[in-house]
Amino acid sequence: MIDHMFGKITLSIIKPDAVQKGYVSPILYKIVHAGFHIIAIKITELSKKSATKFYAEHKKKLFFESLVKFMSSGPIVSVILKKENAVKDFRILIGETNPVHAKKGTIRNLYATSLEKNAIHGSDSNQNAIKECLFYFSNREIFF
Ligand code: IDP
């Protein structure tokens, strides 16, 4: 079912730093204002085990342990967003991984704290978008 949305959806996470600072509302406003449709949303928390699974591709990186600790440190908001070219357009909206390099007005430029605590996640490919959406949501929770 979700496979039909290939190329049209992306998975975003408002990370624990941004939730804790009260940025959920302004971030969601910005996303919707940029033309993305919210088709699934939940406030949730990652266990260390889930965070390890979600970021498995970074397992060998030096920052991995710290990233897992951070991502499981408090509530997050997971969102599936629908738009033509969702993955690419959303990466532009959030800005570079390191907020120091994120363009002015991007979400990371406005709301990130550091390279690690960079406020928001966006899928990096259409294939990963599908995989990540199914990591957080069941088909019953997605409203195409
Ligand atoms: P992305 O989130 O922009 O796709 P990735 O390279 O996939 O960036 O890294 C995943 C997450 O890991 C980043 O969003 C950030 O929270 C964290 N991260 C990436 N590089 C570093 C680093 O060098 N030090 C600490 N944390 C990092």
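Any Cβ shown, glycine's included, is placed from N, Cα and C.
If you look up TrEMBL, you'll see His121 marked as active site, pros-phosphohistidine intermediate. All protein chains included, His121 (active site, pros-phosphohistidine intermediate) registers 21 other Cβ atoms within 10 Å of its own Cβ. In the three-state DSSP reading, His121 (active site, pros-phosphohistidine intermediate) counts as strand.
Positions annotated as ATP binding site by TrEMBL: Lys15, Phe63, Arg91, Thr97, Arg108, Asn118. Contacts of Phe63 (ATP binding site) defined by a Cβ separation under 8 A and a same-chain sequence distance of 6+ are given as Glu116, in order along the sequence.
Over the domain 'Nucleoside diphosphate kinase-like' (9-144), the average per-residue pLDDT in this prediction is 98. According to TrEMBL, the domain 'Nucleoside diphosphate kinase-like' annotation covers 9-144.
The residues of the domain 'Nucleoside diphosphate kinase-like' (9-144), classed with DSSP into helix (H, G, I), strand (E, B) and coil, number 64 helix, 24 strand, 48 coil. The maximum pairwise C-alpha distance among Lys15, Phe63, Arg91, Thr97, Arg108, Asn118, the residues recorded as binding ATP, is 21 Å.
Taken in sequence order, the binding-site residues Lys15, Phe63, Arg91, Thr97, Arg108, Asn118 that lie near ligand 1, meaning a CB under 6 Å from one of its atoms, are Phe63, Thr97, Asn118. Within 10 Å of the Cβ of Lys15 (ATP binding site) there are 25 other Cβ atoms, across all protein chains.
Looking at Lys15 (ATP binding site) and His121 (active site, pros-phosphohistidine intermediate), their Cα atoms lie 7 Å from each other.
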